[in-house]
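Enquirer: Below, the features straight out of Swiss-Prot:
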BINDING   His65, Ala66, Gly67, Gly68, Thr69, Gly70, Lys71, Thr72  ATP binding site
Amino acid sequence: MPNCFKFHTVIERHWQKPYPVLSFLLKPLSGLFAKIAAKRRTDFLSGKRQSEKLPVPVVVVGNIHAGGTGKTPIVAALVSGLQEKGVKVGIISRGYGRKSKAVHVLNAESRAEDAGDEPLLLFRKTGAPTAVGSSRAEAGRALLAAHPDIGLIVADDGLQHYALRRDVEIAVFPSADTGRTDLDLLPNGSLREPLLRLDSVDAVVVSGGKADALFRPSENMFHSRIEAGRIYRLNNPSEILDTGRLKNQTVVAVAGIAKPARFFDSLRNMGITVKRTVALPDHADISAADLPDADAVIITEKDAVKFSDGICTDNVWVLPVCAIIEPDLAAFVLERLEDVPKAV
């Protein structure tokens, strides 16, 4: 695992600031990847490969990057916005990182190994019925069977899952990449699909800041920013941390997410002096035994769902975050769906 993590770290650095030698080696592979990805999409759109339509509208929220765009908080915000407008929303996802391959409809006893960390986090944050499966259509059928009153499904990270038909496509794109001219497809770059793909989606959500002035992939462009909530104790979420008491304590921050620097920066921006940071691979397994010794250990919400109740020590705290999307993305989705007939 450590060697794989180091190699992946090198590749990610290359994606952000390309190394000429690596680009020379990887560029031909990116060309091959582009042809395969284009053919796959064309086959589904032309009907050469079959896709399935669910009996309720499907809104796909995904990205053309290989992770790290800040999508999960945006999905949570969209689902919450739809719920506030009276819509019974369900969520489907692949459930990356879980131990089982079977379709799983989440319940109060579900764990990260059953559902994956991100779907479990979405389920707990929104309360929306949620199902996971490698086949999104199969997950959708199972979800509707368990919750027949669902009126709309949000598919988390399914933009390239063309086996499931969709009524609205939303792509999340990081603001840091909106002005770049050196983006490339995998493996030379971080893109799953070319930038032109953004011209065919219904909306683009620029995450983490404002877009470059020349970035106009869609007439329907939204912006999102992350707001940190109040840090709470993992063993007792109703207990809020008084950050002033950390002044003379040893604080360690631990994150198993795609862009851990964002999390560490958020803590520092809150005035917390972090003595040590621990960056783990995205979706990494983590338990109480893996946590460093410190007066206070602060972790992400995504990592927090991996802990079973009652097995963690009292020095572990969680920083919750939420996405603020402007203008109103949920209202846009409902307006878009007014002209979409219900599947039969």
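Each Cβ is built from the backbone N, Cα and C atoms, and glycine gets one as well.
Buried or exposed, and what's around them? Tell me for each listed feature.
Expert: In the three-state DSSP classification, Gly67 (ATP binding site) falls within coil.
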Enquirer: Specify the count of other C-beta atoms within 10 Å of the C-beta of Thr69 (ATP binding site).
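Expert: Summing over all protein chains shown, Thr69 (ATP binding site) has 27 other Cβ atoms within 10 Å.
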Enquirer: Is it possible to get the count of other C-beta atoms within 10 angstroms of the C-beta of His65 (ATP binding site)?
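Expert: There are 22 of them.
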Enquirer: What other residues of this chain sit with their CB within 8 A of the center of the CB atoms of His65, Ala66, Gly67, Gly68, Thr69, Gly70, Lys71, Thr72, the recorded ATP site?
Expert: Asn63, Val172, Pro174, Ala258
